[in-house]
Amino acid sequence: MASGNARIGKPAPDFKATAVVDGAFKEVKLSDYKGKYVVLFFYPLDFTFVCPTEIIAFSNRAEDFRKLGCEVLGVSVDSQFTHLAWINTPRKEGGLGPLNIPLLADVTRRLSEDYGVLKTDEGIAYRGLFIIDGKGVLRQITVNDLPVGRSVDEALRLVQAFQYTDEHGEVCPAGWKPGSDTIKPNVDDSKEYFSKHN
């Protein structure tokens with residue numbers, strides 16, 4: 001796996017790539033999303049098996065992310081032409097069908113290298129997921145091995161949690177969901193949470 005330049009708490013590596021957006025080719029840059037959160041997820045290859053389940057799941061929940069001021073972008077090392085062919089293939093035949101999220105083409109593998117998810121022996125990306133805040137700062141990184149897909153619910157929960165901490169200055173305990181108790185991050189005030197939950 002490439003080491004990459006992606007670091008928590010630092011500006012996310014910038015990128016520019018051709019994407020398939022609403023069935024057409026469009027140049028997409030990270031800076032296009034300034035002021036919004038971004039969930040950037042990498043997947044190994046088009047026309048495979050776990051990948052369409054993840055892409056369709058993220059596409060089906062795209063509006064939930066947008067309500068939070070967050071956009072979801074998928075990336076693989078395939079070309080925009082392969083992405084389009086896969087989108088134009090019916091879901092019952094292993095295709096994607098129409099999508100509500102862009103798919104970026106990383107044919108040079110630069111994005112995969114910059115984000116540290118390139119599986120160098122095969123030239124494909126591991127299942128990396130990156131949450132970038134509205135200031136362009138990388139807030140979360142997870143990388144799965146190839147055979148296991150990711151949870152859209154968990155990605156959505158993490159965006160909600162980071163946005164909550166940004167706005168309120170409190171911290172979110174394990175398994176936090178909107179409406180749950182948070183912790184005031186100092187020794188005395190944190191006892192309020194711990195006395196209630198232990």
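Keep in mind that glycine also has a Cβ here, set from the backbone N, Cα and C atoms.
Per Swiss-Prot, the feature N-acetylalanine maps to Ala2; the stated evidence is a large-scale study or a structure entry.
The annotation domain 'Thioredoxin' is assigned in Swiss-Prot to 6-164 on the grounds of sequence analysis.
For Cys51 (active site, cysteine sulfenic acid (-SOH) intermediate), the same-chain residues lying six or more positions away in sequence with a CB closer than 8 A to its CB are Tyr43, Pro44, Leu45, Ser76. For Cys51, the entry in Swiss-Prot reads active site, cysteine sulfenic acid (-SOH) intermediate, with the evidence type a curator's inference.
What Swiss-Prot lists as phosphoserine is Ser112, and the listing cites a large-scale study or a structure entry.
Cβ neighbours within 10 Å of Thr182 (phosphothreonine), excluding its own Cβ and spanning all shown chains: 16. Taken from Swiss-Prot, the feature phosphothreonine covers Thr182.
Positions annotated as N6-acetyllysine by Swiss-Prot: Lys196. Neighbour density for Lys196 (N6-acetyllysine): within 10 A of its CB lie 8 other CB atoms from the protein chains shown.
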| request: Pop the Cα-Cα gap between Lys196 (N6-acetyllysine) and Thr182 (phosphothreonine) into the table, whole Å please. | output: 11
| field | Assigned element (helix, strand, coil) containing Thr182 (phosphothreonine), judged by DSSP | value | coil
